[in-house]
């Protein structure tokens, strides 16, 4: 109470918050000597002049005029408009060219080998799964073989020539929805699906090149942390959800005999019998195959043979789709969760107390690959027939009535070339938003990238390969958010710890082209590795998906703010925005972001999934409206692109400078 400013605050305080704010301000200004550090024999000289206290009496004086009065945007030479056709693309090439050879030299490290082995396994399954789903949706016009070839070609070219090779390309949900709608439309109006799809792809590639020519990537500067975190959070949650959903679907393939009695195991059976009332389709299959129903010993047929002849399963040990599969589902659950837990534990092994630093670091880098190897060996040892990864083993189109080159017109009328303009515009927005938001997340300032980025060059390479894939009748690929975040996280470089208990410091990312290149080269050669890949259980890959989704959530400020709802004030971490923004405003900002996330999820899960990129674009406008609910200073802390650690250092440095003013001697 000896301080005049705090004396006034204490007497005029209306509630506890005012009093706490006054104490905080007072403690910021005083110099404290710890009891054990003070030597009574030394006289501390008083300051030569007492600093003016007038500034302290003016609350909010620093609010709008401080260095944090304006939210920071994505900025830099790569996002400046040049005013020339392809000006941004030319500058991207000039910026990245000097680093081209070092991108290969920097890739010669053990960490890159670990990253490539892990991500190869992580990329293979979604590409093949996406191909399988496309095959079902298009009746085999585009399937797993086309998906493998398209991913490999696009990934290799992108890794070699893109502006940001840390980005990993993959398939997206909205693209699959678009393919389904297009195939259904072509079937209804008896149009050639592959020819019309080629026209749409070529128009989309053309529009993307136009966006590159006009420096449209500069619009990225309007994508703030609010938008990118909502998008990244949604993709991470979808990864986690789909991993759990795929595991639950195994129950349909491998049904469990619930409430069975152990004493009756000797009399449980499930046998194949001819259908009592065969459908017209079954009769047609029998006639076309020349099947003599009365001459078949139905009781001796295998499960596969019974299903192929449309037989029926009867007996107390039969489920809806066939015989019960003992142990398989539970073994799949064990593999799934063991993969997730073991990957997480091995990744944290770097900070354990056992083994030398080099061993710990190597185990941490190879965490996921080691986990996959361990789980494959355990699966082989146990011998329970878990579902395995199926890779096409012959290099040829899935259907015999198509080749590797597609005529854009084909049997379709000439006007379909012009009509393809309309869906191509929607596809262009889809490709642009997916690509650029992922690029923004990869190029975050907290990743401390030194070689720069190239938004225009990235989009140009995606456009070129989109055109090539369209002509060849292959799926389209664009930047995959979770895979890209996982790739960046797997290449983090940290300082070596010398003192006991010292935490490693983050130094940056190992920027190179080797990992991405090797992932997609090996993916293209996977046709020749089927003898090895067929041993990898699918639940292990689902466990890797769960690990990738959960690990990608770390570092997303949105989830840190969500935790604050259930955290008492005294236990809250020292986040920079909590120092300067009232807690109710932090909660309001989080609730708005959460509402946007729920709406995005609802749209993506509905039939309107094709307009998902438009809704992501709408987040930018939602963020603009929030300027009326929050002050510029509040948004500068909540929606700032500057890394948390850097902002804390600046804030601490400012406080230290104030203390030095108080005590210059």
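Backbone N, Cα and C atoms are what each Cβ position is placed from, and that goes for glycine too.
Listed ranges 155-178, 227-250, 251-274, 275-298; the one TrEMBL annotates as transmembrane segment is 155-178. Check TrEMBL against the ranges 414-433, 434-453, 494-513 and you find transmembrane segment recorded for 414-433. Feature transmembrane segment, per TrEMBL, maps to range 454-478 of the set 54-78, 79-103, 454-478. The range from 514-533, 574-593, 634-653 that TrEMBL describes as transmembrane segment is residues 514-533. According to TrEMBL, the feature transmembrane segment maps to residues 366-384, out of the candidate ranges 366-384, 385-403. The transmembrane segment (155-178) makes contact with the transmembrane segment (454-478): 3 or more of their CB pairs lie within 8 A, with pairs spaced 6 or more apart in sequence. Here the transmembrane segment (366-384) sits against the transmembrane segment (540-559); at least 3 CB pairs are under 8 Å, leaving out pairs fewer than 6 apart in sequence. Ranked by number of Cβ pairs under 8 Å to the transmembrane segment (112-135), the listed stretches 454-478, 540-559, 610-626 are led by 540-559. Averaged across the domain 'Band 3 cytoplasmic' (2-40), the predicted model reaches a pLDDT of 72.
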